[in-house]
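Take a look at the structure set out below.
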Amino acid sequence: AGPCGAMRAGLGAGLALALASSAFIGASFVLKKKGLLRLCRRGQARAGQGGHAYLREWLWWAGLLCMGVGEAANFAAYAFAPATLVTPLGALSVLVSAVLSSTFLNEQLNVHGKIGCVLSILGSTVMVIHAPQEEEVSSLESMAEKLKDPGFIVFAVCVLVSSLLLIFVAGPRYGQSNVLVYVLVCSAIGSLSVSCVKGLGIALKELFSGKPVLKEPLGWVLLVCLVICISIQINYLNKALDIFNTSVVTPIYYVLFTTAVMMCSTILFKEWQHMVLDNVIGSISGFLTIVSGIFLLHAFRDVPFTPNLLPLFLQPGRADLHPPWSSADRHQSCQHQPLLPSEDKGSQSAEEEK
């Protein structure tokens, strides 16, 4: 009962930290966007065009501080709970960012977007319930063995090559018009940063237990890699936020980041090997639900939801315009209606009389 209780307490702490992280990260998107908009009104060089004037804007620094607190809570959550249990809870940052954006940035979120946010949260809940359990990694030695796995090496090389192609080839051509370019860079590099966070969490646990972790080179290598990955993520996330709508960037970044983390955790920790069929189906269903919600939020963001989109019998004031059992419609179906409009038919009959 003792180990089980400790495991549940650690899992609860991880979930609580993940929820706090989502709140801070969702607010950070809005604060940074607010700062970038202020710079744009002043005529400063925009981040999407390579400018770095946002470093002199206090709102941007407040957003960065919120993101730092959120990432710190996220860091601690990864130390207590599996990555595939913590990462899906990032969907809550989508809801926080969408609500705050509509309040403070005047970014309208239509009915489709709200349904998309709800679907993302429901899908995340299903993924949390059916999350795979990680293979036990309790020391830096075992972490080093997993990092030497050929599958993970191939994955890391693919991530680095694709990120370089997106930055230097696709970025100059499509970065200003396609939201996926910069967000894909952040998501791909973010999958590697989660692996670094997981390894550093193990190193901190060993450090607190009295082991000479500071003499191990792997911990320092992971720390340097984490700083580099986070710097790249911040840079290209700022560019995406400066060019595109916050309510679009945030959910797409979440979906792509979650996908990359799931792939990385599956390859590195072999999480899916011992899962039963119910959990596999539940995880896939939850992820597809999230993708459906993000599609609603992104594909229909510019479509206004007006009463004209409803069926006639649901539109206010139009239910009695065309009664279904009127004498004119009782004996005439769509197949017998004239193909020409009434004006054309009148002109045609006039020509025949002439």
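The backbone N, Cα and C atoms fix where each Cβ goes, glycine too.
What TrEMBL lists as transmembrane segment is 12-31, 58-80, 86-105, 112-131, 151-172, 179-203, 218-236, 248-268, 280-300. The region 'Disordered' feature in TrEMBL is assigned to 323-354.
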Task: Tertiary contacts of the transmembrane segment (218-236) (same chain, 6+ residues out, Cβ under 8 Å) - done: 64, 67, 71, 140, 143-144, 147, 163, 167, 182-183, 185-186, 189-190, 192-193, 196-197, 199-200, 203
Open item on the list: Given a Cβ distance threshold of under 8 angstroms, which distant residues of the chain, six or more beyond its ends, lie next to the transmembrane segment (280-300)?
Closed with: 84, 88, 91, 94, 98, 110, 112-113, 115-120, 122-132, 247-248, 251-252, 254-255, 258-259, 262, 272
Task: Beyond the flanks of the transmembrane segment (179-203) by at least 6 residues, Cβ under 8 Å - done: 74-76, 78-79, 83, 87, 137-140, 143, 147, 156, 159, 162-163, 166-167, 170-171, 213, 216, 218-219, 222-223, 225-226, 229-230, 232-233, 236-237, 239-240, 243-244, 248-249, 252-253, 256-257, 259-261, 263-265, 268
Open item on the list: Let me spell it out: take the transmembrane segment (12-31), skip the flanking residues so only those 6+ beyond its ends count, and list any with a Cβ under 8 Å from a Cβ in it.
Closed with: 59-60, 62-67, 69-71, 73-74, 76-81, 85-86, 89-97, 100-101, 104-105, 128, 241, 246, 249-250
Task: Cβ pairs under 8 Å between the transmembrane segment (86-105) and the transmembrane segment (248-268), at least three - done: yes
Task: Outside the transmembrane segment (112-131), six or more residues from its ends: residues with CB under 8 Å to it - done: 15, 82, 84-85, 88-92, 94-95, 98, 247, 251, 254, 278-283, 285-298, 300-301, 303, 305
